[in-house]
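Here the structure is laid out as structure tokens; the discussion comes afterwards.
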Amino acid sequence: MLAPALSAWLAGCWLAIITATTYIGDDLINKDIRAAAAERGTDLGGLIGHYTSQWMTEQGRFFPGSLGWSYTVFWVTEVRVPYKFVLGAVLVACVAACALLSVTLTGRWRVAPALVASAVCFVQVRVGFDAIIGFAGLVPLTLGLCAAAIVLLVRGRGWVSALVAAALYSMALVTYETVILFVPAMAALVVYWRRRWLPALALVVPAALAAGAAVVLRGAVRTPTLAAYTVDLDPHVVVPTFAKQALAALPMSQWILGAPGVPSVPTGAVVVAALVCGLPVAALMLSASGGPLRASWAAIVSLGGFGLWIWLTSALLTGITVRWQEEVHRGQGYLSVVYGYLGCALLACAIWLVGERLVADRSRTARAAWRITSALVIAAVATATMAGNLAITSLV
């Protein structure tokens, strides 16, 4: 019972941080969604339909899920605190889905605490673009849907599971198109673990339809394309932008890389972070202790490979996009850096499992030394990340 209680505590810490922040970015406009609908003389559905059509005809983008989710959340919550609570709940659900994915691939429930602890090390509040405390939580929402779809296809055996998985991934595709990049890795996981290619069609078919729709819509557009949807493949700008986006997912990247506008981290924030986050994370890691934990090499590679894929492919998309080549600064990252957070968490969890496997046949003393050392290292990183989050939260 210790691991669930500690995980709930850490989830509560994140909910507290997110609900303490103000509106940012597009939220400053979307919070007045009811007034916008009244001004147009329409309702929520009419507003979603209007802007969906506008984006399709003017920019060749089809993402009714993004508009539908965002506008509905603002329409229902109306004020800041309930809205921020929804964002916190979405983040917690996303981490839970990734933890369930790690359990599904490894067949070991004791892996879940390690994934949660890893996520605490990487998930950060940012000074610039931030999809954790704003933008209706679209990015963690879509990643959670992708993880849930994989779990259903790997664990499920009937057509109902396949249909639900297809629906979840389709929702992700029409909410934030970046997830189309994940389909090769997702399909590979399903084919490998099911030993059949047919279940993977629940992912491949929606992705193919989304790609086809994008080609048709883009071909019909006659207005100039915004810089946010224009591609420049010049390696002189792609490589630096890719590097900035990828590195932004690493702990304390805003301070280490010197992002503009980042505050100093006061000693008090470090102390508070150590007490409310570092100690629980250490205890959470130690709660995963027990007998030897031998996840298969296939499971470790699957978990780490998927994390690496979503981290780097989402960074690459940012790297080839003109707007972000111009606007993403060192130490910052665009909204999709959230995929990097959880991708790195999955990768870190896989690396930890390698350590667990290597010491599985060692003496009890060696296993204890490894687990205590790894728990302390992870707790230290989690403390640093949380202290930085507290410092930035004081600004927003």
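Backbone N, Cα and C define each Cβ position, glycine as well.
Straight from TrEMBL, the features:
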type: TRANSMEM; residues: 6-24; note: transmembrane segment
type: TRANSMEM; residues: 85-103; note: transmembrane segment
type: TRANSMEM; residues: 132-154; note: transmembrane segment
type: TRANSMEM; residues: 166-193; note: transmembrane segment
type: TRANSMEM; residues: 200-221; note: transmembrane segment
type: TRANSMEM; residues: 265-286; note: transmembrane segment
type: TRANSMEM; residues: 298-322; note: transmembrane segment
type: TRANSMEM; residues: 334-354; note: transmembrane segment
type: TRANSMEM; residues: 375-395; note: transmembrane segment
Comparing 166-193, 200-221, 265-286, 334-354 for Cβ pairs under 8 Å with the transmembrane segment (85-103), the winner is 334-354
Do the transmembrane segment (375-395) and the transmembrane segment (6-24) come together with 3 or more C-beta pairs under 8 Å, pairs six or more apart in sequence?
yes
Query = Are the transmembrane segment (132-154) and the transmembrane segment (334-354) close, by which I mean at least 3 Cβ pairs under 8 Å that are 6+ residues apart in sequence?
reply = yes
Does the transmembrane segment (265-286) come near the transmembrane segment (6-24), with 3+ Cβ pairs under 8 Å (pairs 6 or more apart)? yes
Within the same chain, the residues 6 or more beyond the ends of the transmembrane segment (6-24) and with Cβ under 8 Å of it are 31, 80-81, 84-85, 87-89, 91-92, 95, 112-113, 116, 120, 123, 125, 130, 132-134, 276-277, 280-281, 283-284, 287, 386, 389-390, 393, 396
Beyond a gap of at least 6 residues from its ends, the CB atoms lying under 8 Å from the transmembrane segment (298-322) belong to 101-102, 105-107, 143, 178, 181-182, 184-186, 189, 192-193, 227-233, 238-239, 241-243, 245-246, 249, 328, 333-334, 336-337, 339-340, 342-351, 353-354, 357
